[in-house]
Amino acid sequence: MNAVRSLAERPVVRTLGAIAAALLVFALLLVAKGADPISGYRAMWDSITRDSNSIGDVLVRTGPYLLAALAVVMPARAGLFNIGGEGQLVIGAVVAFAAAEGMSQELPRAVTLVVMALAAMVGGAAWAAIAAALRQWTGTNEIISTLLLNYLATLLLGWLVFGRWKDPTSTGFPRTRSLTEEERLPILWGRVHIGVVVALVAAVIVWLVLTRTSWGFRLGVLGGNAEAARRAGFRTGTLATSALMAGGALAGLGGMLQSSGVEGQLRPGIMVGYGFTGILAAWMVRQHPIRAIVSSFALAAIAIGGNGLKIREGLSAASVNILMALLLLAVLGWGGSRRSVVGK
């Protein structure tokens, strides 16, 4: 009995149990809608495995999901909750586009893309710094501030797309001009662009930073016991600010990869759902940067597989969003009920 209880308490078992519970509840919802759950799940599987383009779509979606997850992982090490990944993604895309607007078209493609990426990271970090400053100077909880900043970022994007940056040739669906070839990420194969590799490398770098550097160690001390960190002489306010800004920079990079690698322009709603999916991806693996690769890929597969549900089962586009919401609730309520730190 003790062995069974010990097994059930393991984080991976708790997370898998939460996922299984969410899938079961979603199956019951499909039955209530008059759909066959087995056929529905098979349709999702077929949608992501039917050809190389489908697999490529999953990989491309994995990139921004992973970077949004890392934007949660980094502050979580310091005991902070960054709910603002979606806004930071948007700001990253906006600042990257602004950088492209201000650069000469004669610059080499590599230089243009690097400048856009760096600008996106600075933009995301600066957006997260607003929440960090409010936390340090006024005591505002970062959950509230980062959440509200999401809406402000979305409104800012809409103001730009409907206003100064609106493409005069766009009719009905406001958008910016299309990015030039020099401003688009190179394609590796099919639809997979180099940004997917960048996201994977970022996950490895985050893991190394959190587990192999003194800064990562200090973040862990702060997250484990803030009072102990203060008594040890750590500058806790600076550490918390740097953790949030690092997360914002990662999300900002994700925004640039999505706009330059997939969209090729800015439009309203370009990042809807990406930030919150990143939260789910991070919590599914208890804020572990390497395991977040797997969870991000799985959620990307669910998102792409949802097309099969819509086509074969005649369900609405919101069906997959319901499944992801169930996964989030299950993981937070069951699999994530115990606090964890980044594993080594």
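Each Cβ is built from the backbone N, Cα and C atoms, and glycine gets one as well.
Quick caveat, the model's predicted, so the values are computed rather than measured.
As written in TrEMBL, here are the features:
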type	residues	note
TRANSMEM	88-104	transmembrane segment
TRANSMEM	110-134	transmembrane segment
TRANSMEM	146-165	transmembrane segment
TRANSMEM	185-210	transmembrane segment
TRANSMEM	239-257	transmembrane segment
TRANSMEM	269-285	transmembrane segment
TRANSMEM	292-309	transmembrane segment
TRANSMEM	315-335	transmembrane segment
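Only sequence-distant pairs (6 or more apart) were considered; of these, fewer than three Cβ pairs between the transmembrane segment (146-165) and the transmembrane segment (315-335) are under 8 A, so the stretches are not in contact. A contact between the transmembrane segment (88-104) and the transmembrane segment (239-257) is present, since 3 or more of their C-beta pairs, 6 or more residues apart, lie under 8 Å. Only residues 6 or more beyond the boundaries of the transmembrane segment (110-134), in the same chain, are considered here, and those with a CB under 8 A from a CB of the stretch are 71, 82, 84, 87-89, 91-96, 98-100, 103, 140, 142, 145-146, 149, 153, 182-183, 185, 198, 240-241, 244-253, 255-256, 260. Non-local neighbours of the transmembrane segment (185-210) in the same chain are 52-53, 56-57, 59-60, 62-64, 66-67, 70, 73-74, 77, 109, 113, 117, 216, 219-220, 250, 253-254, 257-258, 260-262, 288-290, 292-293, 342; each lies 6+ residues outside the stretch with a CB under 8 Å from one of its CB atoms.
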